[in-house]
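The structure appears below as structure tokens.
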Amino acid sequence: MQKRRLLVILLSCILALVMHTGWLLCTPPPVAQAHAFVIGSDPVDGSTIAKVPSVAHITFNAPISTLSSAHIYSLQKGTLVDVTDGQASVSHANPRQLNIPLQSPDSLPEGSYEIKWVAVAANDGQTTNGIIGFDVAVSSLGISGQKVLGPTTSNNLYGTGGSRQFTTLSILSVGWDWLVLIALTFWIGLLITENWILARQSRIQSLLERARKRTTSLQWFCLCALLIGESVTFILRVAQMSQALDSSFSVSSVLAMLLQTTYGILLIIRLALILVAMGLLYWTRRTSLKNYPATPTPRLVTRTGVLGSITGSLSPVTGQLGIVTSSTRTLNTTGASITSSLKQPTDSNPGKKASNPGKRSSNPGTTRSLTHDTREVTRDQESRANRLASSQHGYAPIWLALGGLILLTRSLSSEAAQVLQPHASAVLFDWISLVSLGIWLGGLTYLGFILFPLLSAVERDHYADALVVIQRRFTPFQLGSIAALLASGFYLCEASIPNREAFLQDPYGRTLLVLFVLLVLMLILSWVGMAVLRPKLMRQALFLPVVTSDLPTRRARQSVLLNTGRTLKQVVSAQSIIGAGVLLCLALLAFYAPPIVYPEVNYNTSTSQAANAPTTQTRQVGNLSLSLLVTPARLNESNTAILTIKDAAGQPVTDAQVTLTLNMVAMDMGTTQTVVKGNDSATYVAVFDKQQTFSMSGVWTVDVKVTRAGHDPVQTQFQVNIN
């Protein structure tokens with residue numbers, strides 16, 4: 001009844017997961033992206049705008065923390081001048097937008113500008129950086145040609161300090177993340193196997209108790225590895241952030257990362273849960289030692305002959321602590337007495353037999369008394385073992401809850417949880433994939449390196465029984481975890497890769513391909529274990545008791561069964577080794593982050609109108625304000641230069657003589673000069689024929705000299721971009 005109920009629960013969970021996956025696949029999934037990369041900006045990267053904005057905006061694909069920073073620089077005479085007004089801030093309305101104010105935008109010169117940004121993702125604590133460039137009216141570099149518009153060049157991926165560039169810090173980060181994944185996966189598999197899959201199995205209780213002796217120290221190792229690994233990974237991310245921000249590593253930066261990012265808050269919760277797990281492990285060990293001290297559990301193996309010969313095996317079946325006490329020696333002495341009493345030779349000489357009747361008549365009574373005492377001790381030790389197993393099973397819900405919560409804190413800071421919608425489904429699918437990986441890979445590691453090596457210490461009569469019980473219990477969980485992992489992984493993978501070309505062109509996609517190959521190998525080995533070796537093992541175990549133990553045929557069948565068990569152990573161990581490669585791929589995927597998907601915006605169309613629109617430039621020269629407009633500023637067309645002159649009081653200057661001198665910045669195209677005199681208007685107009693000047697696209701200079709009677713002449717220079 002219990003097996004049927006368990007099977008129904010597993011099938012129901014798998015069916016619900018498949019239905020939910022099918023419903024999500026009916027609609028195109030959004031793309032998952034880790035870290036925080038630029039997907040848009042205002043001004044647009046590479047664009048030319050008419051005037052300096054008061055605030056620049058950068059839009060990211062994921063929420064950013066308040067630790068993010070950006071500065072705007074103006075290129076003036078070959079030098080970058082910081083024109084940022086204060087500090088950049090994250091928008092309250094949109095946590096993915098960074099606002100950078102500029103100081104006195106009306107007084108800033110025209111020319112080239114750069115925005116150097118550093119973003120710290122709120123959910124995973126990863127640091128990214130890049131540069132956004134734009135021009136105001138004209139370029140200060142004097143370079144012509146076609147520009148790349150849009151955010152495709154805004155992120156620093158492979159350059160110096162790039163987010164996908166391997167450095168000492170990044171290699172250490174990947175290595176420690178891999179260690180954390182190994183420890184976490186094995187610990188989850190250990191918890192679920194001991195507290196759920198193999199719990200309350202009386203036929204392998206002694207084997208499980210022997211395994212607990214080893215897994216107690218392994219649990220301490222896993223929890224310590226998790227605690228140290230998570231802390232070191234956090235320190236490395238703080239160091240990467242400090243390096244990107246050009247600041248020194250300090251306690252304040254550590255506290256800022258902890259308290260000002262979602263990743264830091266989740267890390268505090270995760271470390272607290274790990275400490276609770278360590279405390280619970282210490283408490284259960286201490287309770288077991290206090291209430292159930294380790295005592296030997298004798299086991300009667302065979303009985304032969306008319307009276308029966310009780311052999312053996314009074315070596316203790318160790319409990320959780322495996323302490324061999326003085327009672328072990330007592331039981332061994334008792335066993336030796338039993339054996340010596342039963343093995344006393346019976347002399348066939350009737351005279352000698354009659355000469356000592358008292359001694360012979362006392363042997364049966366002594367044997368029965370010792371046998372009865374031994375059986376009482378056996379029942380007492382078995383009762384102690386059962387009570388110990390029941391007490392340990394009582395903590396199983398707490399252990400499983402702690403493991404599930406630790407995995408949940410990792411899912412909440414994963415790349416899927418950052419941008420996938422609906423948010424709850426993304427977190428659920430990522431959590432299911434982590435749990436499934438723990439059951440499958442962690443369970444295989446537990447079987448291959450903990451339980452199967454202990455089977456060699458079990459008597460041959462119990463070897464087949466224990467192996468069959470383990471396979472029967474583990475197979476449905478293995479099938480369910482594989483199905484859940486494939487379903488959740490398929491959706492998360494589809495959301496991470498925007499197109500098929502990304503599998504070969506992007507390092508994230510290439511790592512996914514390697515991950516797929518490793519998973520296929522694990523699936524093939526799982527099929528060999530479940531479809532080939534398991535039926536063979538069941539058949540051999542079924543026919544083993546048919547033959548009497550004294551016959552050579554039974555020994556031959558036992559040998560074949562042992563060989564099959566060794567082959568199964570090798571298959572399981574191979575899957576565990578391949579699983580380590582799978583976890584390494586997961587650590588690399590977290591480092592690379594999925595390919596960046598930019599909004600479908602035609603920046604050429606949106607920016608060409610702004611770039612080609614007539615722009616008015618203003619210069620303050622002495623007590624005069626000069627405003628120049630060149631329209632339409634196009635090649636192979638007649639262009640008109642309109643100059644407006646006003647004095648300090650804002651009154652129009654009508655009596656000036658203006659000299660305009662034109663030439664190209666990049667190369668000498670010949671100087672064109674014209675003189676315009678005032679005609680009772682503050683506007684001075686000069687028309688240039690298409691063959692006269694502006695004969696090449698690019699940046700042109702317009703030198704303006706203003707001469708007035710009774711005043712010193714003044715002059716300045718404008719730059720015009722001809723398209």
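Just so you know, glycine gets a Cβ as well, placed from its N, Cα and C.
Copied over from TrEMBL:
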COMPBIAS  370-385  compositional bias 'Basic and acidic residues'
DOMAIN    35-136  domain 'CopC'
DOMAIN    471-589  domain 'Copper resistance protein D'
DOMAIN    629-704  domain 'YtkA-like'
TRANSMEM  178-199  transmembrane segment
TRANSMEM  220-240  transmembrane segment
TRANSMEM  260-283  transmembrane segment
TRANSMEM  394-412  transmembrane segment
TRANSMEM  432-454  transmembrane segment
TRANSMEM  474-492  transmembrane segment
TRANSMEM  512-533  transmembrane segment
TRANSMEM  571-593  transmembrane segment
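Stretch with the largest number of CB pairs closer than 8 A to the transmembrane segment (571-593), among 178-199, 220-240, 394-412: 178-199. When each of 178-199, 220-240, 432-454, 512-533 is checked for Cβ pairs under 8 Å to the transmembrane segment (394-412), 178-199 comes out on top. The average pLDDT the prediction assigns to the domain 'Copper resistance protein D' (471-589) is 84.
For the domain 'CopC' (35-136), DSSP puts the residue distribution at 3 helix, 56 strand, 43 coil. Counting residues 6+ beyond its ends, the transmembrane segment (512-533) has Cβ neighbours under 8 Å at 441, 475, 478-479, 482, 493, 496-497, 503-504, 564, 567-568, 571-572, 574-575, 578-579, 581-582, 585-586, 589 in the same chain.
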